[in-house]
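Chemist: Sharing a structure here in structure tokens format.
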Amino acid sequence: MIKIAPSILSADYVNLQRDIEKVDKGGAELLHIDIMDGAFVPALSYGPGWVKAIKPITNLTLDVHMMVQNPERYVDDFADAGADIIGVHTEATPHIHRALQMIKNRNVKAEVVINPGTPVAAITPVLYMVDQVLVMTVNPGFGGQKFLPETVKKIAELDQIKKEQGLNFDIEIDGGVNETTVVGAYKAGATVAVAGSYIFDADDPVSRINALKDATK
Ligand code: DX5
Ligand code: ZN
């Protein structure tokens with residue numbers, strides 16, 4: 001069964017605590033927090049203050065996805081705020097190894113992220129040091145986009161490398177996840193599924209968490 005990380009990007013910000021409690025009680029394992037800087041991606045979302053505010057109201061693993069140019073600048077701020085996992089895009093810095101080292105030095109779980117147009121080969125040198133790899137299944141920047149099926153072979157490739165090299169990082173997918181698209185990704189080796197609109201646009205978010213779990217039994 002896949003672990004579920006609801007993305008608060010699609011939650012009701014005015015009732016954020018209510019929405020977080022709903023998915024927390026409803027069986028999610030992580031809470032996905034999308035940080036957008038208006039440069040790496042066009043949109044702006046929120047910063048470390050939100051992570052700090054959310055930290056005391058939930059026991060969910062806070063999974064911070066930094067869609068930020070030169071993320072090294074803010075790693076310490078998100079670690080201070082209480083992030084449990086910090087994800088940095090390899091496309092966003094010439095120094096991905098250093099960025100991951102910075103995260104690990106703060107005893108936070110380190111995640112490397114690849115866009116749909118980036119091959120697995122771009123991150124093989126750093127796989128030994130990460131706790132999680134995020135394979136973007138849409139181009140980052142917005143919720144509610146369509147899952148790109150061609151990304152699934154990269155999940156299989158990463159799963160293969162895990163086995164060959166005896167590594168045990170989680171493989172997370174993000175973008176366009178629903179009870180249909182999650183199946184192929186899970187079979188290819190995905191262990192964590194982010195879902196935003198699929199969960200929070202529903203009348204009953206918990207039924208959607210259950211549907212994702214049921215589809216990956
Ligand atoms: C997109 C973000 C996602 C977003 C996913 O750039 O990284 O986490 O919330 O939204 P859905 O699940 O609606 O595609
Ligand atoms: Zn995300």
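A Cβ is built for glycine as well, from the same backbone N, Cα and C atoms used for every other residue.
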Chemist: Quick check: of Ser7, Ser45, which does TrEMBL put in the same substrate site as His65, Gly141, Phe142, Gly143, Gly144, Asp174, Gly175, Gly176, Gly196, Ser197?
Modeler: Ser7
Chemist: Select, from His65, Gly143, Asp174, Gly176, Ser197, each of the recorded positions with a Cβ positioned under 6 A from at least one atom of ligand 2; if none does, say none.
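Modeler: Among the recorded positions listed, those whose Cβ sits under 6 Å from ligand 2 are His65, Asp174.
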Chemist: Can you tell me how far the Cα of Asp174 (active site, proton donor) sits from the Cα of Ser7 (substrate binding site), in Å?
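Modeler: Their Cα atoms are separated by 9 Å.
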Chemist: Would you mind reading off the Cα separation of Asp34 (active site, proton acceptor) from Ser197 (substrate binding site), to the nearest angstrom?
Modeler: 13
